[in-house]
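Feature list (source: TrEMBL):
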| type | residues | note |
| --- | --- | --- |
| DOMAIN | B:38-261 | domain 'ABC transmembrane type-2' |
| TRANSMEM | B:39-57 | transmembrane segment |
| TRANSMEM | B:66-86 | transmembrane segment |
| TRANSMEM | B:123-142 | transmembrane segment |
| TRANSMEM | B:154-177 | transmembrane segment |
| TRANSMEM | B:183-199 | transmembrane segment |
| TRANSMEM | B:241-259 | transmembrane segment |
Amino acid sequence: MIELKGLYKRYHNHLHNEWVLKDINLTIPQGVSVGLVGPNGAGKSTLLRLIGGMDSPERGAVIRRCRVSWPIGLTGGFKGSMTGRQNVQFVARVHGGGVQGVKRVIDFVEGFAEIGPAFDRPVQTYSSGMRSRLAFGLSLAFDFDVYLSDEATSVGDRAFKAKAKQAFRDRVGKASLIMVSHGEAILRDMCQAGIFLHQGRAQWFDEIDDAIAAYHETSGMPDSAPLRQARTATWEARKELRAVKAAHAEAQAAGADQAHLDTLMASMTHKRQLLRQRKAELAAVKEQADDDD
Amino acid sequence: MPDIDTTNGARTPWQVTRSVWFAMFMRETVSRTMADRFAWFWMIFEPIAFVGIFIAIRSMIRGDRFVIGADFIPWLIVGLMGFFLFREGMNRPVGAVEANQGLFAYRQVLPVDTVLVRIALEGLLRTFVFLIFIAGGLMLGFDLFADLPMFAMWAWLSLWALGAGVGLAVSAAAALVPEIGRVVRMLSLPLMLLSGVIIPMGMKPYHIQQLMLYNPIAHALEFLRLGFFENYKAVQGISLLYVWLFALSLIALGLILHLRFTEELKAK
């Protein structure tokens, strides 16, 4: 559980001294993943930094009653002249756990990042993709209760993206997520609740959809009823497809007979077609600027 | 202050600090001694170069008669090493906060940790280099053996503390006002002249000596030399109490600055 009590935050600047965040009072319950939405400059990243303890508020307090991560995918802490292994070792040591704990973390990151021998080369020789793989693996190596994410899941190539998403989903039971993203699809996918930030104020929504709807409304582009309907339908279709896929994988793993697998496969094809249809419908009603895929 | 519930595996602040210091220390050690191929070379070569140059100059003006009770070369080496210990303690922390900016994303790491770790590491490295010089000097037949080892070690520690105090205070100030860092770096050469590293203070007129004695580094250096050369005739009026008053007040001031401006230092 994370409690935010009367948070005020501003950045000192020669030109203006406005509050970025004004009187934020929220309680983020344990195990609920939250998406932060709002226009650019609304203070989403600032709020995330405050929650993560990277910054402190002018007034008020953040009370963390659980282990909170640093923002996932953070590469700023890497020292270029040191190898990936040494960098990981440093972070593991900071977080304690003794020799065994440090070794466990290093092994995990080495396995997860899949960058091969580059793990023992200086980080400055890495491509940005390799860097984010390392950073992402590092975040997941610790058992945090709450992970913070600032537009982080959009790194790496396709295979790694899928792996990262999967790793997130696997953690959802144990850990929750607080994420800032403009990708509304991923917010809907990963989060249950939402916080909408507007003019320094924060509003809590139990459903992420409502938060996104509120955001759209204040930005002067409210969602039309058919758009909302089409979107819900697309989501239903996607969920069904995912369920069938999971069932198929399970059946395959369990060694079910061929007939059963074929039925599942057929149903999967059907669902996929359905999803494609829904997507087409959604594309027909939505405007070009919308970014839910 | 965060609520600390130690029953669910959360660490106490002291445990966190200890792991941060350990991690930082290992990291700095690696990057300071391994990352740069010339790091070790410079650490040893710089004092050698200084000693060489000054010996060349001094032998031309026959100045080696002016040090009473000690040979000139060992006297110079001890003074230079002592001054370098102070100088590194003063200069190294200045960049520490800036260089480790990225690390403050891990909220366990505070700006003051980076500074303290650098001070400790520089002190150890300088001590190690000094030991190498003593060993090398003894093998070459110089009288570099400390006549009063405990006394010399205490003076060495005083210089370290003095450098640490200046380093702590200046690192916080320099992170807030970048110009201070530049001024401090420029100061190191004048300070060397003012501390009696090259030219013995005893050679100067009395009223200049009195002025130079406002400088605590000069006090500590004279004591360090007394520790090495029993018969050395140090300047009148030196006091280790004066050095420690300076060192402790500066350390306190530095810690206060770091405590007060933690957020500003992090957020830069």
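For all residues, glycine too, the Cβ spot is worked out from N, Cα and C.
Listed by sequence, the residues of this chain that lie at least six past the ends of the transmembrane segment (B:154-177) yet keep a Cβ under 8 A from its Cβ atoms are 82, 85-94, 96-98, 111-112, 115-116, 118-119, 122-123, 127, 130, 184, 216-217, 220-221, 223-224, 226-227, 240, 243-244, 246-251, 253-255, 257-258, 261, 264-265, 268. Counted over residue pairs 6 or more apart, the CB atoms of the transmembrane segment (B:39-57) and the transmembrane segment (B:241-259) come under 8 Å in fewer than three pairs, which marks the two as apart. Listed as Cβ neighbours of the transmembrane segment (B:123-142) (distance under 8 Å, sequence separation of 6 or more from its ends, same chain) are residues 32-33, 43-44, 47, 71, 73-74, 77, 81, 84-85, 88-89, 156, 160, 163-164.
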